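Per Swiss-Prot, the features are:
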SIGNAL    1-25  signal peptide
DOMAIN    26-108  domain 'IGFBP N-terminal'
DISULFID  30-33  disulfide bond
DISULFID  41-45  disulfide bond
DISULFID  58-64  disulfide bond
DISULFID  72-85  disulfide bond
DISULFID  79-105  disulfide bond
REGION    104-159  region 'Disordered'
COMPBIAS  110-120  compositional bias 'Basic and acidic residues'
COMPBIAS  127-138  compositional bias 'Basic and acidic residues'
DOMAIN    157-232  domain 'Thyroglobulin type-1'
DISULFID  160-188  disulfide bond
DISULFID  199-210  disulfide bond
DISULFID  212-232  disulfide bond
REGION    218-238  region 'Disordered'
COMPBIAS  226-238  compositional bias 'Polar residues'
């Protein structure tokens, strides 16, 4: 399942929503290394103080807080206080990495560090704004009509891209009801159509179910062995 070609802004929004759901889900009440949970803590863990009783899914997840540098993800135990689960630097598919537990617990960065690059105006953009300002002074009539970006119309999007935008709009309410488990995010190609293999997100160590679709998202018949193989035929896009 790949995430190539998807716009950065929707993916960042989805990541924030998924971690908001994770913090309020069953994993939030997981205990630390005590209460017989040590056997599930490979590589060591940090004991969480004042932890409540184990919630559903804690035993399966290991019930630990991950240390700095240890792997983490949306459906794995939380990072220790002061750490955040982040994709690796230059990760090509950050959303997928966090969904399958390939993130890393790292020191939380302050707001000033995250916004430093964004706050620095690019030289080309600054010069462009200066040029536009001078042009408006020379031609006052042109300033009456503000320049607006040309949004992509729904009719110009592929069916998978429209589906993805719809999912992002609904996530804000669904994740806070525990709807992040078994989440299905459409797997789109560069043209906005469905890739041949679609999968639900993994839960813990269990991989989510996958199925095959055509470019319009219609499910294709399962393999002749009846096992629902994820080896999709060449008839579908992707």
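Cβ coordinates are placed from backbone N, Cα and C, and glycine is handled just like the others.
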Fewest other Cβ atoms within 10 Å: which of the disulfide-bonded residues 105, 160, 232 wins that one? Let me know. 232
So of 72, 85, 199, 212, which of the disulfide-bonded residues has the fewest other Cβ atoms within 10 Å around its own Cβ? 199
Among the disulfide-bonded residues 72, 79, 188, 199, whose Cα is within 10 A of the Cα of residue 64 (disulfide bond)? 79
List, in sequence order, those disulfide-bonded residues among 72, 79, 85, 160, 188 whose Cα sits within 10 Å of the Cα of residue 199 (disulfide bond). none
From the Cα of residue 85 (disulfide bond) across to the Cα of residue 79 (disulfide bond), what is the distance in angstrom? 6
Given the disulfide-bonded residues 72, 85, 160, 188, 210, 212, which lie close to residue 105 (disulfide bond), meaning Cα to Cα within 10 A? 72, 85
Disulfide-bonded residues considered: 64, 188, 210; fewest surrounding Cβ atoms within 10 Å belongs to 210
Kindly assign residue 160 (disulfide bond) to one of the three DSSP-derived states: helix, strand or coil. helix
Can you tell me the CA-to-CA distance separating residue 160 (disulfide bond) and residue 72 (disulfide bond), as a whole number of Å? 29
